[in-house]
Each structure stands twice: as structure tokens, then as C-alpha cells.
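*Asks:* Below you will find the structure I want to go over with you.
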Amino acid sequence: MGSIGSMGKPIEGFLVAAIQFPVPIVNSRKDIDHNIESIIRTLHATKAGYPGVELIIFPEYSTQGLNTAKWLSEEFLLDVPGKETELYAKACKEAKVYGVFSIMERNPDSNKNPYNTAIIIDPQGEIILKYRKLFPWNPIEPWYPGDLGMPVCEGPGGSKLAVCICHDGMIPELAREAAYKGCNVYIRISGYSTQVNDQWILTNRSNAWHNLMYTVSVNLAGYDNVFYYFGEGQICNFDGTTLVQGHRNPWEIVTGEIYPKMADNARLSWGLENNIYNLGHRGYVAKPGGEHDAGLTYIKDLAAGKYKLPWEDHMKIKDGSIYGYPTTGGRFGK
């Protein structure tokens, strides 16, 4: 449910705060350091204003910004773990909260492009989840495709947390993967501009409904002299309804109460529309246990490495050249 300005911890759930961080204008490493200081200051201020909050979420690109002319340069990249994540860890430990942070991560393989990474830090200051974006926003983003799968970790109030990053949320199979591994609160951190505002709202709701899990999503807000970033933090119930919807204001704090046990109970007790179960047990009324092979061609082809669309040979954009990226692969933009 919506927090109605609640400041206390709910009895059987937890209070979450999603920060509509102003889109950073970043031109130097000093600007990144300033962003980190601002994020830490905001984390402490949010905890002071909402003493019962247990999870604070910052959007994609809030640490390093979106300067596309420099975002691949060594000056702009960070390591995970690294001294910057240690600062975030110290803040979470001091505030006694879980925190979600965005990092453009230097690839350990210097011959490959960087990763777009999200981390969850617990109240003890430990990184308990590290996720690398599986589906960069092609053809704009130059990030290397993630290699850590979709991890799930324990969170506050009986939650099992997973994080997706921006365009990942448009891939329904990824939300299903998180739920299949036990996630009941699916976090989405984004740096979208207004072109996909409606689709953002739609997919946050559909990811919740299709998988009987809460979704908590937050986007950058404000104007960076090129695009406007819409903010609109959103918390969705496991039945796909919107519990809380933010506005387009930079610095808006979107809060809500989440009860993971309710999602767990729905998964255990629902018959109608328990679709995450039905996928692997279709027709279980007529056939005891149901049919376990979903019979979906694209799943079989994907598993076999043969995924190909009927119109794929005629597609006009299949690389990053429209944005000036080379098409030869390998590390570029140093």
C-alpha cells in the first residue's frame, strides 16, 4: 500500500524509498565525486526523514551520469568493489539501511567494453548482490552484455530482492527469471527519457502481475540539455495495480509499504491466474500435474543458440553505427 507519508516500519513488511535523483551533468571526475557525496547525503537525509525506512534506491546513472562523449573513458569508470562502493557501504552501515546503487563498471577484461552494474548493500555494509545489465539499451548504450545472470538475495521484511536496469524491464523473460529464482520484490533502476514513459508504467505493472511479485521502480528526473528524464517512481502490487506513483519532480522521494508475505501467500494459494506456475503445468485439470513442456519455439531456439526472427534478415538497425560506434567489436571509446 501507499505510505501516506508513513515514517515508521510496518509490522509485517518494510518501508521503501525510491529517490528521483536529478539527472547529473557530468564533465569530469570531480563531478562524479560530487554525485557520490550527494547520494550519500540524500541517503542519510532520507533515513532521518523516514526513520522506519529499510531500503533506499537510487536510479541508473546517478553516480556517473550520461555524458555519452566520455562515459567509456577510463576517467569515468569505477570498480566493484572499489573505493567508491566502500563509501556507499559505509553510508548504509551508518544509516542501518539496504541501499541500491548504479555503477558503470570497468570490465576486468581490458579488451572489452565496461559493464552497467547495480549493487545492493546491506545494513552491515556488505555487497550482497551484484548484477550486470543483461540487455543494454541498443543501439544507444555501448555496455558489454552482463555475465552474472539474474541473482536474488535476502532483503528486509521477508523480501527476496532482484534488480534489473532500465531496458531490462522491457524484457518479460528477465522478470520471470527473477521470480523463478524466488524474487518477490523486483527493483528496476532506470535512466530513461520521455520517449518510453508510457511503456515504463505498463511494464512495471505487467512484470508484477505476470509473476505475482511487487515491483519498485525509479527513474532519473530533470533535463540534461538534451533529454528530459521523467522520474515517476512507481511501486506496484503483486496483482499488477499501482500502489504509489511519483511525479516528474527531481528529488521527489517515492515511499511505500511492502508486504512480501502477501506475495508469497498469493503464489501458494491462488488457483486462477497463478500464471508463473501454470507456465510449467499447463492443463493440470485434465492431465494430473499438467504438461511440463510449454511447447514454445522461441524458448527451444534460444536454448539451442538458434534464436532468429522471421524478419531478422531485413532489419535496418542491428549495430551501434547510427550512434557512431564501431561495428568490429572489441574495446572502444577509451
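From the backbone N, Cα and C atoms, a Cβ is placed for every residue, glycine too.
According to Swiss-Prot, the record shows the following:
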DOMAIN    14-260  domain 'CN hydrolase'
ACT_SITE  E60  active site, proton acceptor
ACT_SITE  K133  active site, proton donor
ACT_SITE  C166  active site, nucleophile
*Asks:* Across all the protein chains here, work out how many other Cβ atoms are within 10 Å of the Cβ of the residue listed as 'active site, proton donor'.
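*Replies:* The residue listed as 'active site, proton donor': 27 neighbouring Cβ atoms within 10 Å.
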*Asks:* Return only the integer: C-alpha distance in Å from K133 (active site, proton donor) to E60 (active site, proton acceptor).
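*Replies:* Per the Cα atoms, K133 (active site, proton donor) and E60 (active site, proton acceptor) stand 11 Å apart.
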*Asks:* Measuring Cα to Cα, how many Å separate E60 (active site, proton acceptor) from C166 (active site, nucleophile)?
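*Replies:* It is 7 Å, counting Cα to Cα.
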*Asks:* Near C166 (active site, nucleophile), how many other Cβ atoms are within 10 Å of its Cβ?
*Replies:* 27
*Asks:* Which number gives the other C-beta atoms within 10 angstroms of the C-beta of the residue listed as 'active site, proton acceptor', all protein chains shown included?
*Replies:* 29
*Asks:* What average pLDDT is reported by the model for the domain 'CN hydrolase' (14-260)?
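*Replies:* For the domain 'CN hydrolase' (14-260), the model's average pLDDT rounds to 97.
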